[in-house]
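Q: Here's the feature list from Swiss-Prot:
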- 103-168: region 'Disordered' (REGION)
- 182-208: region 'Disordered' (REGION)
- 188-203: compositional bias 'Basic and acidic residues' (COMPBIAS)
- 216-240: zinc finger (ZN_FING)
- 288-310: zinc finger (ZN_FING)
- 319-343: zinc finger (ZN_FING)
- 350-447: region 'Disordered' (REGION)
- 350-359: compositional bias 'Basic and acidic residues' (COMPBIAS)
- 379-383: motif 'Nuclear localization signal' (MOTIF)
- 386-401: compositional bias 'Basic and acidic residues' (COMPBIAS)
- 405-414: compositional bias 'Acidic residues' (COMPBIAS)
- 415-431: compositional bias 'Basic and acidic residues' (COMPBIAS)
- 432-447: compositional bias 'Acidic residues' (COMPBIAS)
- 489-513: zinc finger (ZN_FING)
- 534-716: region 'Disordered' (REGION)
- 541-551: compositional bias 'Basic and acidic residues' (COMPBIAS)
- 544-548: motif 'Nuclear localization signal' (MOTIF)
- 560-638: compositional bias 'Acidic residues' (COMPBIAS)
- 639-656: compositional bias 'Pro residues' (COMPBIAS)
- 657-704: compositional bias 'Low complexity' (COMPBIAS)
- 707-716: compositional bias 'Basic residues' (COMPBIAS)
Amino acid sequence: MVSVKVNGNPQNRLVNNAKVNGNMAFRGNQNRNRNFGGGNNNYGGPMGANRMGGMNMSPWESQNPGGGQFGNNMRQGGGQMNAQAINLANNLLNNLFRNQNPPSLLDLPRGGGGMGNRNQRGGPMVSRGGGAGNRLNNRRGQGGGFQNRGATGSGPKPPPKQGGGGIRKQNAFDRAKKLLAKNANQNKKKEPTPGEKKIESPTKESPYASVPNDMFYCHLCKKHMWDANSFENHIKGRTHLMMREGIEESYRLKANMIRQEAKIAEQLKSIEFDRLKRMGKSKQRQLDYCTMCDLNFHGHISTHRKSEGHLQLKKFLHPKCIECNKEFATRIDYDTHLLSAEHLKKAAENNTKVGERKRQTLPISTEEEETRDLRLPQKRKKKPVKKEGEAADGEAKKEGAGDGEGAEGDEAEGEEAKEGEEAADETKEGDELNESQEEEEVALPVDPEDCILDFNDGDEIPSEVDTRLPKYNWQRAVGPGLISKLECYECSVCSKFFDTEVTAEIHSRTATHHRNFLKFINEKSSDTKIAQKRAAAALEENERKKRKVEEAEAPAAEGAAEETTEGAEGELYDPSEATGDDEDVEMVDDNAEGEGEGEGDEEAEAEVEEDGAGQDNGEEEMEAQEEEGQEGEQEPEPEPAPVQTPAPAEPAPPAKTPAKTPTKAAAPAAVASPAAAATSADASPSPAKKATPARAAAGAKATPQRQRARGRYNRY
């Protein structure tokens, strides 16, 4: 036990001062339970009844090894103690009694900070009951150790609690230890024996090492790779796997679309069958089911498996690798195979590649390969001689079915296939009589007379070809005009090439070529239908445009006809009066004539006589011309007398009577002349209108003076 005594006499005085100032422990002594002067909260000293720290004992002579951390100096009051000496002694004791290890952040309790929660604040506690000097000393002595308030001075220092408050849930020191131990164990596991090191030292060679670099192309991601390692990493990578999942989903959607198209076609066929059944022209058809197509169809399963939709779906769902001669259950397995090292090696050896190389390759088929595709008719077994009559009946039925095939098509063929299967079943039952059984050749199918057997450039295919399609016959060639020679023989329908003419001839009799030929004819027929529809639509459009033009021209023609009829009835419109200037000129002339015609006015009699004489001369000329025109019109008539009598007498008064009214009105204001002229035109009697055809006949010979004079009658 090491004790240091510094200036004992002042210490005693401090104790006495602490007795006096004991009641000032906690700012007004409002909370006596937290009195730092003594009692149960006697920090740094033994538990005793002297609550004011009356024991004459050095503050550093404590049983607590860490007594220097807080000590009894928390009970010290007043400013007589030398602050520097206390700080020096406090730091000295801390360095002596603390752990000998260098300070580390891992030793901090819980939160690891200098100011934790309220119960974890370290350093010398500030005694609020003491004087100002003690508080100053405690503030300057913050470098002391950290201790929990709950620890008693007599007992040993408790270890810091683990898992306390704050952000850290585990002690950082323990966590670091566990991590180091874990890494050490892993390193021990990875370290093999020296003998094993020599075996595993060489790295594994990539399975794509023997594949040429130009073959490293991923057709799913459409990416080119530069070497074997990069290609292998791409195949195992996340991007490639995600792309593969998306393409697999697209394959599923496309397969469903093909199935839906087949279902729609079958529904249309069933509707047609129902219609024929209602009309009494067809009997009930039996439905069958295809698992791959997920389809209920009319006919036999063997006929359905040869149909275009079934073969298309089968080729899509179960592709075949030509280079490796392998078939796959799903298309995604086929894609995986195309990226395998085995396939790429064979593709490089055969100088073929998926994509560009495969398109550039020209495979030429031989006679042996094409002979494999010939489909010979299956022979049926015939029962013994005892049942010759039944066999003859069966042949008759079969011939009848063959005759009906031209009309009913694939359905009759399906029935024939069913009959063939029934006959085969009957023969199986009599296998014991093999000696008496004989084989009978199947009769070749009968084609319609006008069936299509060939197509040349320029030939027209009709829109309806269902009744003109030939049946398959392995002894007859179809479409030989579609096979041309190009240093070899090419079939444009099947896109295949052959080495000799014999091979081409055999190919024209194969089932694949026959199926492609029927597909080609149907496509041409649909093209013809489309062309006909387009031509009909063009004709209809032209007719519609013509009708629209005629409808637009009809009102104009009607208006012109009405104008001509009005001109024939009477010349009520003068072209010279179309503008306002002509009307003004005529109005001035009317005023002048009205002034000349006025009688009984206040003007001089000499002027009236002159004007009257001029007017009379003009009227005489007009009457003479009207009489000539009327005579010209009346010459073809048999009775000219009744028409001549009213003509010379009546036109003169209407010209004079309305002319008197505007003369009186023209004297005060010349503006009233148009109204007067209008009244004169309206007041003209009907005989003047009857004389208008004569004026129309003589209109070409009329003088300008006469035109102005006539303006009063036909102005409006």
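Glycine residues also receive a Cβ, built from the backbone N, Cα and C atoms like all the rest.
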Q: Can you break down the zinc finger (319-343) into helix, strand and coil residue counts using DSSP?
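A: The composition, in the requested order, is 11 helix, 4 strand, 10 coil.
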Q: Mind checking which residues reach the zinc finger (319-343)? Cβ under 8 Å, same chain, six or more beyond either end.
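A: For the zinc finger (319-343), the list is 207-208, 210-211, 218-220, 235, 244, 247-248, 251, 350, 352, 354.
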Q: Which sequence positions outside the zinc finger (489-513), separated from its termini by at least 6 residues, show Cβ-Cβ distances below 8 Å to it?
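A: Distal contacts: 362-367, 370-371, 373-375, 472-480, 482-483, 520.
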Q: For a three-state summary based on DSSP, what are the helix, strand and coil counts in the zinc finger (216-240)?
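A: So the zinc finger (216-240) is made up of 12 helix, 4 strand, 9 coil.
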Q: What does DSSP give as the helix, strand and coil breakdown of the zinc finger (288-310)?
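A: With helix first, then strand, then coil, the zinc finger (288-310) has 8 helix, 7 strand, 8 coil.
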Q: Tell me, what is the mean pLDDT of the motif 'Nuclear localization signal' (379-383)?
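A: Over the motif 'Nuclear localization signal' (379-383), the predicted model scores a mean pLDDT of 59.
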